[in-house]
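As given in TrEMBL:
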type	residues	note
DOMAIN	32-175	domain 'DUF4131'
DOMAIN	218-484	domain 'ComEC/Rec2-related protein'
TRANSMEM	30-47	transmembrane segment
TRANSMEM	238-259	transmembrane segment
TRANSMEM	271-287	transmembrane segment
TRANSMEM	293-309	transmembrane segment
TRANSMEM	321-350	transmembrane segment
TRANSMEM	370-393	transmembrane segment
TRANSMEM	405-438	transmembrane segment
TRANSMEM	458-480	transmembrane segment
TRANSMEM	492-509	transmembrane segment
Amino acid sequence: MKKQPVFCLFISFSIGILTGDEFSADKNAAGFVMLVVVVCFLISFCFKKGKAIAFMLFFIFLGQLSHLFNAPDKSLSDFKGKKAINFQIVKKLNSTEENRRYIVYVSAIGGEGKLVKPFYAVYSLKKNRNPLDFTHTYSGIYYINKIKPPQNDYQFSYQKYMLRNNVAYQIYSKEEPIAIKKNASLAYKVRQIRLDVLQHIDNSALSKESRDFLKGIILADRTDMDTGVSADFTKTGLVHFLAISGTHMVIIFWLLMIVLKRSIPLKFKNITVIISLVLIWIFAVFIDYGSSVVRSCLMLTFYYIMVLLQRKPDLLHSMALSGLIILIADTQQLFDIGFQLSFLAVFGIYWLNRPILNCLPKARNSVHDFFLQVVSITLSAQLITLPLILYYFHQFSLVSVIANLVVVPLSEIIIVFSLLMVFVLSFFGDVFVINFLYDQLTIHLLKLIHFFAQADFLFFDDIPMSLLEVILLFVLLYLLRFLIKERRDRRVLQFCFVVCLFFLLRLGLNIHAFHKEEFLSHQYFNQKIFSVRKNAKAVFFFADNLDKNKIENYLVKPYVVSRRIKNYEIIYFNTKEFDQLKYRNEIKSVK
């Protein structure tokens, strides 16, 4: 607590949010937590002994209280039949094969006998209709449906995810809505400018791959990116390269610093830092200040504030302070996977970078030092985020380490060139030479990433991982720092003990799952799919007119991972045979 007080408070506040998420947002729970907050606050000032513990408890209960008041509204209205609504778009979402998708703010509903509060919804519009923009409000008559929970307990809950973003409904539209020009606020005007820049890129002579890549890497827009390209980035562990992350913001910040240093006298170097920080925040607002962008900007700001105040910059302090501010503003951010991985990666760099760097050969020159830094930072971030990646995505690729070591050193050139492309396309349109060079750079980069993604023998998926196993992996990573630094017998024994504990736990969970038998009827939209599970194998039965790939990704693999099944088989029937089999209930006999 004495060395890193802000970090301890950040962890305490996060624990409070996690525990508070289990409570229902009722007045009794809120009142009790508020009472505990007041008591802990008084204890922290009245008693010197245990003051640190009391203050941490205060932040735990403060986190619980904040989350109780920030819980999504569970009293949702049911809308029967078609409703006339007025709405405006708030955000553009990833498109599907048939539809463009937006988050919209529904401000008025006609035909309701009771007062309905404005709400947010996912609005899907056919791609053959004109896209929506921020300078209009829209109206139309639609069915409004609640986002439904998953039909099977082992599947990802899209409903829960959207509720954490304050979105509870979905609206489907085959018809184009009626557009009405509005007096847009400054925030909406900025969003429209960004949308116009995206439109300039879409209308450019660049190849589709280059256009999508450019929109993703600079403007944080991956809504129209090809699924194959996205899969390549996922397999190689390079998704962070497409998201506007700390790497992007640091490179852009340094670029601004270099330009301003040549324009402003050296004696005003503090002014250079301040102007660069202001410009980086303007850029963050322009690209719609996504959560990863805000995190990066806050960390940069706090880091350089310490520099301006002539205090020793502290990476962990900057990370904790930015995290605390984000969570105070919106406690639901803690459940965002991007938030967790981003802060965990920064902590990993703080915790493991120096010990790993000390194990590497001494740098002979600045270029050698740069590559050694890339290796140590990449390994630190990859190792510390591995448990969460296994827990959420149940997959890991050894090629991701190699891919990051190859691509990350090129990131400065790619990001700076991409910034130049956005500027040129926005103000001057297509310039053949620049377009050609950027196309070649992007195409060869995507080919390189696809080459890494094809190394299937280094890609492992369907890896079951429980929360207890994740905790033990984090304990191992905690001990790894001391093992690398000290290399004593005691540290080796500690590390080996936790490794044995992890494998014993994993073995126990696998044995427990092996002895289970199960017959299930799974729901896939309006279709039934049956499965028989015995020991470490499962057999799935479904009609041959269904899309195998979609069912395998959406239903089969989540089930296999959740039940720790080693092998599975899919048996097809034609529709008539499957219906007869289903009604006679003969599938059970396969056991």
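Positions of Cβ are set from backbone N, Cα and C atoms, glycine also.
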Residues from the same chain, set at least six apart from the ends of the transmembrane segment (293-309), whose C-beta lies under 8 A from its own: 220, 244-246, 248-250, 253, 270, 273-274, 277, 280-281, 284, 287, 315, 317-319, 321-323, 325-326, 339, 342-343, 346
Contact between the transmembrane segment (458-480) and the transmembrane segment (370-393) (at least 3 Cβ pairs under 8 Å, separation 6+): yes
Long-range Cβ neighbours of the transmembrane segment (492-509) (under 8 Å; 6 or more residues past either end): 464, 466, 468-469, 472-473, 475-476, 479-480, 482-483, 564
Top partner of the transmembrane segment (405-438) among 238-259, 271-287, 321-350, 370-393 - counted as Cβ pairs under 8 Å: 238-259
Distant-in-sequence neighbours of the transmembrane segment (271-287), which means Cβ under 8 A and at least six residues beyond its ends: 190, 193-194, 218-220, 244, 249, 252-253, 256-257, 260-261, 264, 293-294, 297, 300-301, 304, 307-308
